[in-house]
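Here's what TrEMBL has on this protein:
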DOMAIN    16-48  domain 'Ciliary microtubule inner protein 2A-C-like'
REGION    133-154  region 'Disordered'
REGION    215-240  region 'Disordered'
COMPBIAS  216-231  compositional bias 'Basic residues'
DOMAIN    248-283  domain 'Ciliary microtubule inner protein 2A-C-like'
Amino acid sequence: MDSYPPKFSKVLVTPDPHYIPGYTGYCPQLKYNMGKTYSQHTAELLTSPDVQHSSRLVLNSGCDPFTDTGDAAALTLRSLPHSNLKKTIPGYTGFIPRSQNYFSCGYSETCRRALTDFYQEMHTRSLRQSTVLPLHHRSSSQHSERPKPPLTPITNKVITYKPLMSFSPVSPYYMDDSDNNKYYISGFTGHVPKSRFLIGKGYPVITNQALIKFGKQQRRHSTSQNHHGKKNSTSSQLPTIYPSNSGVIPSFTGHIPGHKFMFGHTFGQLSKDALEQSRNEGILVS
């Protein structure tokens, strides 16, 4: 009988696991390798123990994960706590745990495998926890009764919290410079004077320094204004512009009340007559 060669050559075809050319998914450290085909590189990276990759390969074997163990076979979709999850149809927008690990099959089959895997792990974890916990702890947790509302009050006295130091909301502008609350919190979008040129610190520290500097400047300005006002009140009156016993010189360019209605004399005489008439009429104060 004639013997035929194998269908696939072990030399030409890269053994599994590997990615076929055209696969657009992520392969760890692929960009740092060169000189071989895409399949050969991915096969080496997926099987190398020095490369950190996921324990679950992207390639799916296609077999049901619950057909391998006898204990897992007993956990099927019949024992799912939520019966609505058994009837997932294409178009369902809810969350299906572990569904991202299954593909290349219909939506219903993907949901069935994902839910079976999820509830199998939950069942295994619950069994492991039940065997690890001590017996007295399990018995006490099972028979312990929790109090149900309404609960009876222990005392009729209402306990209220009273702070040791009373705090009244005051603007940071009016706080003392030694007050620890004289600042604005981070995120305040209002204008803080004198804070523009303070940098290199946190926002509360900057606003605290700016407010203290602004307060000192305002107090200094108000003090100088009060001192200047007292000095003006005690000082003598300003000297008069016009002379009291004579007229002004011809080069005077200021205004002389009533001068434009007089004529026939020199500028000095006319200005003297106009000023005397204005004083007599009370327009000018002598």
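Just so you know, glycine gets a Cβ as well, placed from its N, Cα and C.
Within the same chain, residues 241-242 sit at least 6 positions outside the domain 'Ciliary microtubule inner protein 2A-C-like' (248-283) and bring their C-beta atoms closer than 8 Å to a C-beta of that stretch. Across the domain 'Ciliary microtubule inner protein 2A-C-like' (16-48), the prediction's mean pLDDT works out to 87.
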